[in-house]
Amino acid sequence: MSKIKSSNLGYPRIGESREWKRALENFWSGVISETELIEKTTEIRLRNLKKQQEKGIDLIQVNDFSLYDHVLDTAITFGIVPKRFNYTGGKVDVHTYFAIARGTDGAVASEMTKWFNTNYHYIVPELNDVTPSLVENRALTFYKEAKDKLGIDGKPVILGPVTFVKLAKGYDPQEFSTIVETFVPLYIQILQELVEAGASWVQIDEPILVTQLSKEEIAVVEKVYEAFAEHVPHAQIILQTYFEKITAYEKIVNLPVKAIGMDFVHGDSLELLKTYGFPKDKVLAAGIIDGRNVWRANLAEKRTILEVVKQLVHHNQLIIQPSCSLLHVPVTKTLEQKLDNVIYDGLSFADEKLDEAVTLAKGLNHGTVSVQADLDQANEAIKQLIETYQSNDEIRKKVAHLTTADAQRSIPFAERIEKQKQRLQLPLLPTTTIGSLPQTPEVRRTRTKWRKGEITDQAYEQFVKEQMKRWIKIQEELDIDVLVHGEFERNDMVEYFGEKLNGFTVTEFGWVQSYGSRCVKPPLIFGDVSWDKPITVKESVYAQSLTERPVKGMLTGPVTILNWSFVHNTTPRYEIMKQIALALQKEIESLEEEGITIIQVDEPALREGLPLDRKKWNEYLTQSSQAFRLATATARADTQIHTHMCYSNFEDIFDCIDDLDADVISIETSRSHGEMVSTFEENTYQKEIGLGVYDIHSPRIPSVDEIKQNIKRALQTIAPNQFWINPDCGLKTRKEDETIAALKVMVQAAKEVRNKQLASQK
Ligand SMILES: CN1c2c(nc(N)[nH]c2=O)NC[C@@H]1CNc1ccc(C(=O)N[C@@H](CCC(=O)N[C@@H](CCC(=O)N[C@@H](CCC(=O)O)C(=O)O)C(=O)O)C(=O)O)cc1
Ligand SMILES: N[C@@H](CCS)C(=O)O
Ligand SMILES: [Zn+2]
């Protein structure tokens, strides 16, 4: 009988103490050389592999490490570099690689967007005018490295051609099949070289197979994998999917590959298996450990599922693995010193998830008795965890009695906006920013000192006040119309609220990569959510006291707080979302009581959370808009409610955006070069809107003409009296001088267009 194997689908890149982030940022700022960057990152990569080897993972993944993003890595494997970066062929050097991701003085960065329904962002490949060729077989390089340095026969992973082309831009969708075909010989060469080097398995990731593909697209998938089977018959391919169940299961499961990887946590893959069976000649790679959440697995329950799965596959042809790459969870829980013991015992980060996979495989191979102690321990930890859940009867009752009317503003938008215009007296094409201002090393350092108790609460508060004071003045000098307090007091827009609301817990080191070197520390939700006292009022009121211009109150919305937290499944998600909404309602009321006239409730994660399975869209969108409206319903009619969204494709959720009933929305668009603008041609959006006029994730300063172009393009489809002028997103990642220079250009461009508009109205 063959042995059931344990496997991994990707290990976090960032290192236990975010040493990867520091290496990258030190390289970008010239503190370390390219050689040092390569040395440091090689060290991290090898350490990651070694850890997995020591844990006893049978199939250790290679080529999952990246210096920025794995989709960008795939692009440079094929020499896909947009023309503006002056690439002349051959292996893409590190400088060009980072230039595509971050932009340069002379060339805008490639667009970045959400990786499926996650908070990880990938760099969108641009296929216009480039002929792909295999310039570097990166999978082979990293396969050899693991073999030579650690004696690991790794399982190289490559992003499959269908997903890669689907996620790319710069081609006519009609040409999809032809474009994919151009990649097929290149993939065949990669596979051939890997087989020659001795790779036992090759994993090809095709997560696009869990989305709705057309018949023609499925035919392309079939053609591609038939070609691989024909040309590289000895490659043992694992066709890997994740994040949902496979949509065209009956077709996909019969493709000529050795193994199919499926997610057994998200979407009902078990039902597919039971209904349609699983081919005898294939191995099933079962993603049974949740790669998207941090709560400990109930191993006994998992084992029961696996016993069923085992009956459905032939002769132990089973691999046990996480449901997706562990990129989406923090590295290890062992660094956490401050967590409550019960919560600590109930957690499982990447390292612990690998232990869980190994345990389950061992139990299946050697009988449950061999792992009984682990199963009992997990069971006890989970039991303890659930017993400590803090229920809040008052909140539960409130939520239970909510009606549709509770999620409705007092009067319709058309009437509200008139009152708001009266109250705010803003110019045509008002300028504003999205909320955060540069979180300089000094700001971060001061907060870290305060957290460590090295400076007093008073000194820290004073420091934050000074930042606000300085920046209110800067914004006034720049002549921005609607100001922000800058969010200097916040570590992150979600974690900050997690620290203040009941029902949340935060970790010290639970970092997860969001994009490039930037990481987030999602809070844990384990308890009913409630609000005790004002969270943001002190800062907003102070900032407002310094100026005659309106300063926006700044909150994060219920959908985003929920989606960017690790939520335990004790309570249904929608229930928690409504609890958060009720808490935000109180915060809004507190801001209003102190005279704040504009309140922004950010929802950048609304589109991201859209289920991959279309059948689930309606419920999600209805619940999301309901929760947002509940949070903002009690706002005065003349309080202007703003919202903001970024780094997603918004076309599919346009109706939901409208349904939020926010008075003003700002949407990131500049990296997608006006694609969003065309959406407005097909829609008659009545409310006010700001389409980001410059990209904030690049250090590059835009020109006045560029911004004017962006504004003018927007004004072709949006009325001038509806339009706001703002950057794409918050400015926290930018340096101060870059920010001031870019905002100066933005205001200048706004004024030029405004004056022209006013002159033409005369
Ligand atoms: C707007 N976006 C956000 C997303 N998700 C979020 N949860 N938040 C977002 O804002 N998703 C979509 C977009 C783009 N994504 C991001 C994600 C992350 C950042 C970002 O800037 N991250 C920071 C970390 C922020 C933070 O929490 N910092 C803490 C800790 C400070 C720190 O590191 N201290 C050092 C010591 C410093 C010193 O002594 O010099 C330490 O502890 O070692 C804080 O500020 O207190 C990042 O740098 O990665 C942006 C957009
Ligand atoms: N207000 C937040 C929104 C980010 S999506 C910020 O400006 O950083
Ligand atoms: Zn944003």
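Just so you know, glycine gets a Cβ as well, placed from its N, Cα and C.
Summary of the site annotation: TrEMBL records L-homocysteine binding at I434, G435, S436, E487. Screening the candidates D340, D345, D602 against this entry identifies D602 as the one listed for that site. The record from TrEMBL ties H644, C646, E668 to Zn(2+), and of the options C656, C729 it ties C729 to that site too. Summary of the site annotation: TrEMBL records 5-methyltetrahydropteroyltri-L-glutamate binding at R18, E19, W20, K21, K114, N119, R518, C519, W564. Screening the candidates E175, E466, E608, E619 against this entry identifies E608 as the one listed for that site. In the three-state DSSP assignment, the secondary structure recorded for D659 (Zn(2+) 1 binding site) is helix. Site extent for 5-methyltetrahydropteroyltri-L-glutamate: among the recorded binding residues R18, E19, W20, K21, K114, N119, R518, C519, W564, E608, the largest C-alpha separation is 28 Å. Of the chain residues outside the L-methionine site list I434, G435, S436, E487, D602, T433, V484, M493, M554, Q600, H644, C729, G730, K732 have their Cβ within 8 Å of the site's Cβ mean position. Ligand 3 lies under 6 Å from the Cβ of C646, C729, out of the recorded positions G435, C646, H697, C729. Listed in sequence order, the binding-site residues from K114, E487, R518, D659 having a Cα within 10 Å of the Cα of C729 (Zn(2+) binding site) amount to none. In this structure, the CA atom of I434 (L-homocysteine binding site) is 7 Å away from the CA atom of H644 (Zn(2+) binding site).
In this model, the domain 'Cobalamin-independent methionine synthase MetE C-terminal/archaeal' (429-751) carries an average pLDDT of 95. Least crowded of the binding-site residues (R518, H644), judged by neighbouring Cβ atoms within 10 Å of its own Cβ: R518.
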